[in-house]
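Asks: The structure's right below; bear with me while I get my questions together.
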Amino acid sequence: MDYQTIPSQGLSGEICVPGDKSISHRAVLLAAIAEGQTQVDGFLMGADNLAMVSALQQMGASIQVIEDENILVVEGVGMTGLQAPPEALDCGNSGTAIRLLSGLLAGQPFNTVLTGDSSLQRRPMKRIIDPLTLMGAKIDSTGNVPPLKIYGNPRLTGIHYQLPMASAQVKSCLLLAGLYARGKTCITEPAPSRDHTERLLKHFHYTLQKDKQSICVSGGGKLKANDISIPGDISSAAFFIVAATITPGSAIRLCRVGVNPTRLGVINLLKMMGADIEVTHYTEKNEEPTADITVRHARLKGIDIPPDQVPLTIDEFPVLLIAAAVAQGKTVLRDAAELRVKETDRIAAMVDGLQKLGIAAESLPDGVIIQGGTLEGGEVNSYDDHRIAMAFAVAGTLAKGPVRIRNCDNVKTSFPNFVELANEVGMNVKGVRGRGGF
């Protein structure tokens with residue numbers, strides 16, 4: 001499926017974006033190995049998260065999926081209750097699922113194969129294979145990419161590990177393995193990354209120690225069931241935040257969005273660029289802060305993106321670069337080489353698409369330089385990347401003519417009702433097949 005957009009006359013209204021993808025992954029995994037029943041409200045029913053649910057079900061976890069209410073009811077099997085799956089576990093397009101499951105499965109008393117789609121089979125796994133091997137895991141992989149064959153070892157040993165890059169997925173993988181290891185596992189980060197795993201471990205009553213840059217867990221503990229309500233995903237909200245910011249006449253409110261400080265890079269950077277964003281009704285529930293976000297149109301200026309904001313914005317850069325494309329002046333992003341090993345090479349994909357829409361964009365090995373200008377209509381390729389697809393749908397709100405975005409089926413991995421909500425606030429996005437359009 002493709003997206004076809006036409007320029008918007010302005011966004012308005014109030015919407016609630018779906019539940020946070022990162023928290024959904026972690027919540028169902030921890031609930032599955034907890035003792036007792038956990039109800040998960042606000043679960044993201046996207047393809048990535050449902051791949052995690054399916055994997056846990058194949059290992060014996062009882063998970064009732066109430067899809068139309070975004071609810072899971074999970075009967076935990078306890079720390080030692082998982083069973084060998086009958087076949088390879090298919091993680092679909094989800095790098096988070098395969099990396100979290102690798103940590104969980106490294107310490108089990110059975111062997112497992114983890115695989116995924118063609119995109120996932122190009123994603124780098126050496127970053128988890130090396131530290132898990134130090135803990136005593138044995139993992140076979142050709143070229144350090146999936147499929148991964150994990151030979152479970154119930155006698156893992158805790159390690160002290162310095163992450164070479166700020167990565168919440170790698171950190172979480174090792175913390176999960178640490179739950180099954182003898183002794184203490186401590187992870188030190190070069191910069192803060194999203195901390196949902198740490199917050200959820202606390203929510204499920206598991207003891208951990210944390211300071212500014214390190215997190216430690218000791219093996220042998222238990223997780224206790226605890227109902228959880230998942231806030232809206234700020235990565236999904238970011239598309240509407242940018243769309244309203246760049247489109248004249250816009251004013252929207254996004255309700256009950258997760259505003260975890262380790263995820264606020266996109267708001268921090270947009271405010272540096274001059275955005276009019278107001279965060280209100282701040283509350284904290286289930287260890288996670290939430291708030292309403294009101295956004296009004298504003299004129300933006302280009303900036304040099306501070307390195308400390310890069311890990312806090314890593315998933316939102318595609319749409320942030322759309323904001324940079326219409327800002328006055330130059331925006332420079334560096335220290336973001338991680339963008340090249342996402343679902344696609346996001347640096348190359350964004351530079352390619354922006355150039356096709358008339359924007360001066362230059363690729364760097366670890367980032368991009370964008371000279372703000374005027375978006376023209378045209379046709380771009382999402383390269384089967386959900387965030388690239390939605391980012392260029394946002395570009396279409398302000399472009400001088402229609403924008404066609406190719407290969408958007410993967411939006412279902414993270415935001416199944418994106419088109420519906422986009423049109424609800426006035427973005428004019430249509431899903432089309434063949435050469436149809438508006």
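Each residue, glycine too, has its Cβ placed from N, Cα and C.
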Asks: Swiss-Prot lists region 'Phosphoenolpyruvate' for one of the ranges 93-96, 121-124, 141-144, 285-288; which is that range?
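Replies: Matching range for region 'Phosphoenolpyruvate': 93-96.
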Asks: The phosphoenolpyruvate site in Swiss-Prot lists Lys21, Gly95, Thr96, Arg123, Gln169, Arg387. Which one of Arg199, Arg346, Arg406 belongs there according to the record?
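Replies: As annotated by Swiss-Prot, Lys21, Gly95, Thr96, Arg123, Gln169, Arg387 share the phosphoenolpyruvate site with Arg346, chosen from Arg199, Arg346, Arg406.
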Asks: Please pick, from Asp140, Asp308, Asp315, the residue that Swiss-Prot records in the 3-phosphoshikimate site together with Ser22, Arg26, Ser167, Ala168, Gln169, Lys342.
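Replies: Of the residues offered, the record points to Asp315.
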Asks: Using a Cβ cut-off of under 8 Å, list the residues of the same chain at least 6 residues beyond the region 'Phosphoenolpyruvate' (93-96) that approach it.
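Replies: Apart from its flanks, the region 'Phosphoenolpyruvate' (93-96) reaches 21-22, 25, 47-49, 51-52, 116-117, 119-120, 123, 169, 342-343, 410, 413.
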Asks: Where Arg26 (3-phosphoshikimate binding site) and Arg123 (phosphoenolpyruvate binding site) are concerned, what is their Cα separation in Å, rounded?
Replies: 20
Asks: Among Lys21, Arg123, Lys342, Arg346, Arg387, all listed as binding-site residues, which has the most CB atoms within 10 Å of its CB?
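Replies: The largest 10 Å Cβ neighbour count belongs to Arg387.
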Asks: Within 10 Å of Arg123 (phosphoenolpyruvate binding site) (Cα to Cα), which of the binding-site residues Ser22, Ser167, Asp315, Lys342 do you find?
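Replies: Among Ser22, Ser167, Asp315, Lys342, the ones whose Cα sits within 10 Å of that of Arg123 (phosphoenolpyruvate binding site) are Lys342.
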Asks: How far is it from Gln169 (phosphoenolpyruvate binding site) to Asp315 (3-phosphoshikimate binding site), counting Cα to Cα, in Å?
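Replies: With distance taken Cα to Cα, Asp315 (3-phosphoshikimate binding site) is 12 Å from Gln169 (phosphoenolpyruvate binding site).
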Asks: Taking every protein chain shown into account, which of the binding-site residues Arg26, Thr96 has the largest tally of Cβ atoms within 10 Å of its Cβ?
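Replies: Result of the Cβ crowding comparison: Arg26.
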